[in-house]
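First comes the structure, then the notes that go with it.
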Amino acid sequence: MADDTSSPMDRFCGSTFWNATETWYTNDPDFTPCFEQTALVWTPCAFYWAFVIFDFYYLKASLDRNIPWNKLNVSKALVNLGLLVITALDLIMALVKKGGDSELPLYDLDVWGPIIKFATFLLLFIFIPLNRKYGVQTTGCQFIFWFLLTVLSIPRCRTEVRLDAERQKILNSQQPSEQDFSWEEYQFVSFFIFFTFTSIMLILNCFADGMPRQTKYQRGENEIPELSASFLSRITYQWFDKMALKGYRNPLEEKDLWDLRPQDSCSEVMPIFAHHWNQNVRKNYKNKARVEPKAQFSNGNVTFENPHGEKNGRKKGMASIMPPIYKSFGGVFLFGALMKLFTDTLTFAQPQVLSLIISFVEAQDAEPEWKGILYAVLLFVLAAAQTFILGQYFHRMFIVGLRIRTALINAIYRKALRISNSTKKESTVGEIVNLMAVDAQRFMELTTYLNMIWSAPLQIGLALYFLWQQLGPSVLAGLAVMIILIPVNGVIASRIKTYQIRQMKYKDERVKLMNEVLSGIKVLKLYAWEPSFEKQVLDIRDKEIATLRSTAYLNAGTSFLWSCAPFLVSLVTFATYVLIDENNVLDATKTFVSLSLFNILRFPLTMLPMLITNLVQTQVSVNRINKFLNSEELDPNSVLHDSSKPHPMSIENGEFSWGDEITLRNINIEVKKGSLVALVGTVGSGKSSVVQAFLGEMEKLAGVVNTVGKLAYVPQQAWIQNATVRDNILFGQTYDRKRYNKVIDACALRADIDILSAGDLTEIGEKGINLSGGQKQRISLARAVYSDADLYLLDDPLSAVDAHVGKHIFEEVIGPKGILARKSRVLVTHGVTFLPQVDSIYVIKMGEISESGTFDQLVKNKGAFADFIIQHLQEGNEEEEELNQIKRQISSTADVPELLGTVEKAIKLARTESLSDSISVTSADSLMGGGGSLRRRTKRQDSHDSVASAASLKKKQEVEGKLIETEKSQTGGVEFAVYKHYIKSVGIFLSVATLVLNFVFQAFQIGSNLWLTQWANDQNVANDTGLRDMYLGVYGAFGFGQGFTSFFSDLAPALGSLHAAKVLHSMLLENVLRAPMTMFDTTPVGRILSRFSKDVESVDQKMPQVINDCIWCAFEVLATIVVISLSTPIFLAVIVPIAFLYYFAQRFYVATSRQLMRLESVSRSPIYSHFSETVTGASTIRAYNVGDRFIEESDAKVDKNQVCKYPSVIANRWLAIRLEMVGNLIILFASLFAVLGGQTNPGLVGLSVSYALQVTQTLNWLVRMSSDIETNIVSVERIKEYGETKQEAPWELEQDKNKPKNWPQEGRVEFQNFQVRYREGLDLVLRGVSFNIQGGEKVGIVGRTGAGKSSLTLALFRIIEAAGGRISIDGVDIASMGLHMLRSRLTIIPQDPVLFSGSLRINLDPFEIKTDDEIWKALELSHLKSFVKSLAAGLNHEIAEGGENLSVGQRQLVCLARALLRKTKVLVLDEATAAVDLETDDLIQKTIRTEFKECTVLTIAHRLNTILDSDKVIVLDKGQIIEFASPTELLDNPKSAFYSMAKDANLV
């Protein structure tokens, strides 16, 4: 071969490098041998050398070490070695066989070719032991290298085989050959061995290596398969298949989830973030003196530095969370950005290939067929590559988002444990929790789109550049349209936002009203007031629906704009293009390439405005988080721990403030070892502040605070965690049974624990919701006692407990003989009783210590302390015997006549009170042992009754199944009936209209596109402007048809779903109000409310959106299939298998994803509730010094949430990759058939392929939308379920109408052998009760708790229906009437006064049928007139929720006024259990005696003296009447039950 060949590459090889005629312009394409041996081998090598840095990074980042040798890595090493040997041989053979003496010249290629290969293989070989040592199980670069090398070697196989065949021909031919083929023969053999080895390496690289022996974190059975999945399995997410399958078979549960990847857990993310945060904080200090180590991960704690720093270091500015975020997570993010760049480029390659396909079809057989196939395959490869890279990109971004969220949540949590009180005052707990719930979450949602900031402008720029190439400057016209549409959309969006705010307001009002209705449902039923409230709710609902309707019109407007946008843009652009210049003609290539570019343009243009608003919101979030993380912290050095001081706790000359003015001054306190010091003083004098000062919670302005030893603290407001009782007491310490039981008994918790359903393992609700104040306080005390500390700070622990319990606790725990006798204790107290027993007393007045000393000293002083005692005694809430004790103490110390006089007075007062308080009934006394003053007994009475009844109730519950039914969590699919129900609610007309309109819309769209192809293919347009204008006009008409139908196809389902929402809500409301009382007893209000809030909301707002999108996507997919089949009918054959694939992916995904979403939302709320708990209890946590434990708990909760979150992220990717591959197959077949099927119409081909290019996204959306429909239809299911609950008897009956207006005229009430039970399957509460009450008689009903007194009245109102016997009023059986007829003709004054928010007038007369005069008259009789007159608004005075702005007594009187307004013949008076206050009680009694003289009055008495003057008394016991006679008669008989009750009450 001649040496003077043209190019350097030719000289390098000694043969031609590139020959276009051989490779491109031919029916049998082939590369030159030189190209095969250089370019095709060096490309993979260059790739590997370029990206080998990643392999090094993975070695460095790996958390594991030491993979054992196994078959896989041994065979990799051997095959790699084989490759090295072959390559070395190639070099040696070349040097031996060529050059020098032999006639074959030695070219550079023969030397350099093997050397380059050898170097690359050597590098790969070195990585095998390295990866093994550093525990890297799989690497992507190597897989891609082997893949490329194998694929790119295939052309050479063909060449070598052909050359070999030629050689055989020559050898087999007759003439003896002079040529020596030995070198070629060698090359042939060597290449095939090389090719075999590379193929084997490729196969070996499809698998991941074994498990490492040493791992930083325990890798359990349940580890996530991703960790040991191979590269191939990772990019296809094949490792997720197991979970998808499991989720498909049966609903996933928490135990099915995998452990978290170690690199995403708090323990990996936090140290990195903390390190960068601390660096950032330090940058903000001027003085660089302090050199800090890296963030230490000491025993699992990360320390964050305080941005407020020491007092001396001057602050330059706020430390921001952004730099640490960039530094900690920027690497992964940049890698993601790189991938995004790749995919953006690939996106734009597709239209280019499309134009090649169109021109191939246009050329019609001038081009060889293989080119068409090549283009089709190329299009598929581009799409597939894009799919895989995008999958990884989103995955990476999600991980970054998750990690940022983890870091922020943890940083906020750690900060919340240390913020100073002045910071805490600035924001509510809710706001701080929102930082975590809303702001940190926002980052997570943003990360996926963040790259759009540069990617969107890039995409827009590229699209415009390619469009310019196609259509020249007329593109600008189209762009102008797009830009004009953005602000128009902005305006509509802001309108929608105002509507949304308004709708939220209505929704809150409606839910608040529903909440009241449900809480006071019993009263509504007794008064027969449901219709009035139903109307109120529906009125609000109508306003809400009206707002939603306006929103729907606006939404349809936006959709109209968006569906017109792409169309308008193309119309304007094409029109401009053909109208500017006569010579501009549209052909198929221009048309369809432009169309697909316009489609690409749509996405970034929609995203940009959204992204900008998102960024602004995130910026706000960043500022809020920064403000919080930079806020002031408590000074850890305000309290010293100097053990050389004489006393364990002391304050010397202390001055303290709560951040503003000085609260405490000149404080000097010493607590000797083992002594008990009391702090007393009036309310607000600063007692608690002293305790806080000891804890270091206050800002210390001067002085020295010193504590030595372990602290325990009992706050004034007990702080209870949402955990079991036992956990609350142990508070993180180990369980020691003996000590625990001792503590429980000492703190008087034994009885309380016995009542609780699961003993001390009963879970306590948030903020201790299911405990009384006293129980909380005692648990808080028990926690302190159990912690066995050295120093005790007790901030008024006895305030919330009853006197006798307080005494017990003082004796057993706090006092000189208690468990804590040996400890040093500070007790803040209000009670005087225990003061004689303390070692020293400090009296605090106005934030200063006014005097101190022992009890005796202080009494002698006659100073502030004596005043305090006098004031205290005058309030008269002490018990008689305790007063005697104080009296003895005082008289023994000194002669202080004023003091003694006061004590005497107080004693008298206590005596008189205990008599008037005489209590009713019950043998509970004997339970408690007599003795003790009566006053105390009253107090205990209530608690004891409730204890007894609660215990019996508990036993009953266990027998009769739970009272509260557990909520059914939906699993699995939703049956078809629900969909049917929903479609019915929407209305048949609108349902059909939606489908038809969507159909027409797609028809217009396809029509306009087919018209374009017609136009593009029409050759006559070039010289006939009239024809051109006709084409343009029709195209425009199609477009407007599209816009028009789009508007209505959007509006129809929106209005339909609104109609459905309205129907469903009113049905739900109607049925809930008509449900019998038992339903409200067994269902928590919250659960019913969530139907009215959450479920109604999802039917209101989510359903219309989701349904709309789903229908739209479905039609879009149909349209695509139609278009492709039109252009290439054979495509229909492929549709079936593709549809199958699609269906399976969809089923698997929906089942798994739905459950994962549920699990995720369940695991998310504990993070926030634990956080808000921590914020509330921060001072307790700090006092006990258990901050680290709480941080660990929080981390564990975050990790647990990630465990649920991560798989659902992966499920998304898993689905996306599978669906997009289905879409890519559609692209492949559409383009292949277009090329092979001999389709001659280039326009149709362009159309079908550009449709196919869009289908991947649509398919993806379709699955998401259909799964969203399933998620949201559950709401319809729940509403339907409540709408079908059992109803009570009808409210109105026809035969009621002929009853006289003033029925009952006499008010005769008759019970005949009456039996009743509360619910099916429960015992009878009344067992055959018979009595007869004449009209106008006054009857008292007495009996101990649970005897059936209330059941009598409930039965009279038919709140509970008879199980046997009957009740008649004036001879009419009440079971034969409508409920409202009955209930509106009886009057009741209920036990606890229930008021509703709204005007006073509505509360008295909700139907607004009474005149003002009547109402004022009623108010006058109920002694409220003067009060109402004094109100500015009078009768329109707004009453707060639950009547909060009236006193309890006033509420009682309002109920009386209600009764007076109704004034029916029969009145039931259910006495209030707790004596409201005697005054109100007397007023009510008086009014009833005068006003209801002629009426029959049934009184359920809790105090006997109210019924001593009644005509008859009914004594009930266990549901039967044991006595029925006049009170005098019964009192004369000492054997009667009534007599013994009266005796107990000191009435006889």
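Each Cβ is built from the backbone N, Cα and C atoms, and glycine gets one as well.
All TrEMBL annotations are machine predictions without curation.
Look at TrEMBL and you will find 39-58 (among others) tagged as transmembrane segment. When Cβ-Cβ distances below 8 Å are used as the criterion, the transmembrane segment (39-58) is approached by residues 31, 113, 116-117, 120, 123-124, 127, 136, 139-142, 144-145, 148-149, 152-153, 155-156 of the same chain, each at least six residues removed from its ends.
Tertiary proximity for the transmembrane segment (78-96) is limited to same-chain residues at least six positions away from its ends with a CB under 8 Å from its CB atoms, namely 106, 110-111, 113-115, 117-118, 121-122, 124-125, 128, 183, 186, 190, 193-194, 197-198, 200-201, 204. Look at TrEMBL and you will find 78-96 (among others) tagged as transmembrane segment.
What TrEMBL records for 111-128 (among others) is transmembrane segment. Beyond its flanks by at least six residues, the transmembrane segment (111-128) meets 12, 37-38, 41-42, 45, 48-49, 52, 55, 73, 76-77, 80-81, 83-84, 87-88, 90-91, 94-95, 139, 142, 145 of its own chain at Cβ-Cβ distances under 8 Å.
The transmembrane segment feature in TrEMBL is assigned to 135-154 (among others).
For 186-208 (among others), the entry in TrEMBL reads transmembrane segment.
Under the heading transmembrane segment, TrEMBL lists 324-342 (among others).
Look at TrEMBL and you will find 334-617 (among others) tagged as domain 'ABC transmembrane type-1'.
If you look up TrEMBL, you'll see 373-395 (among others) marked as transmembrane segment.
The transmembrane segment annotation in TrEMBL covers 449-468 (among others). Within its own chain, the transmembrane segment (449-468) is flanked in space by residues 333, 336-337, 340-341, 344, 347-348, 351-352, 397, 475, 478-479, 573, 593-594, 597-598, 600-601, 603-605, 607-608, 610-611, 614-615, which lie at least six positions past its ends and keep a Cβ under 8 Å from the stretch.
Same-chain residues lying 6+ beyond the ends of the transmembrane segment (474-492) with a Cβ under 8 Å from its Cβ atoms: 464, 467-468, 554, 557-558, 561-562, 565, 568-570, 572-577, 580, 598, 601, 605, 608-609. According to TrEMBL, the transmembrane segment annotation covers 474-492 (among others).
Summarising the annotation, TrEMBL assigns transmembrane segment to 592-612 (among others).
What TrEMBL lists as domain 'ABC transporter' is 649-871 (among others).
Taken from TrEMBL, the feature region 'Disordered' covers 927-953.
Residues or ranges marked as domain 'ABC transmembrane type-1' in TrEMBL: 992-1271 (among others).
According to TrEMBL, the feature transmembrane segment maps to 1117-1145 (among others). The list of residues near the transmembrane segment (1117-1145) in space but at least 6 beyond its ends in sequence, with Cβ under 8 angstroms from a Cβ of it, reads 1002, 1005-1006, 1009-1010, 1215, 1218-1219, 1222, 1225-1226, 1229-1230, 1233-1234, 1237, 1239, 1241, 1244-1245, 1247-1248, 1251-1252, 1254-1255, 1258-1259, 1262-1263.
The annotation transmembrane segment is assigned in TrEMBL to 1215-1237 (among others).
Outside the transmembrane segment (186-208), and at least 6 residues removed from its termini, the chain residues within Cβ reach (under 8 Å) are 72, 75-76, 79-80, 82-83, 86-87, 89-90, 93, 97, 137-138, 142-143, 146-147, 149-150, 153, 156-157, 160, 163-164, 228-233.
Same-chain neighbours of the transmembrane segment (1215-1237): 235-237, 357, 360-361, 369, 372-373, 375-377, 379-380, 383-384, 387-388, 390-391, 394, 1120, 1124, 1127-1128, 1130-1131, 1134, 1138, 1141-1142, 1145-1146, 1149, 1153, 1244-1245, 1248-1249, 1251-1253, 1255-1257, 1259-1260, 1263, counting only residues six or more beyond its ends whose CB sits under 8 Å from a CB of the stretch.
Outside the transmembrane segment (373-395), and at least 6 residues removed from its termini, the chain residues within Cβ reach (under 8 Å) are 235-237, 336, 339-340, 342-343, 346-347, 349-350, 353-354, 356-357, 360, 448, 1209-1210, 1212-1213, 1216-1217, 1220-1221, 1223-1225, 1227-1228, 1231-1232, 1234-1236, 1249, 1253, 1256.
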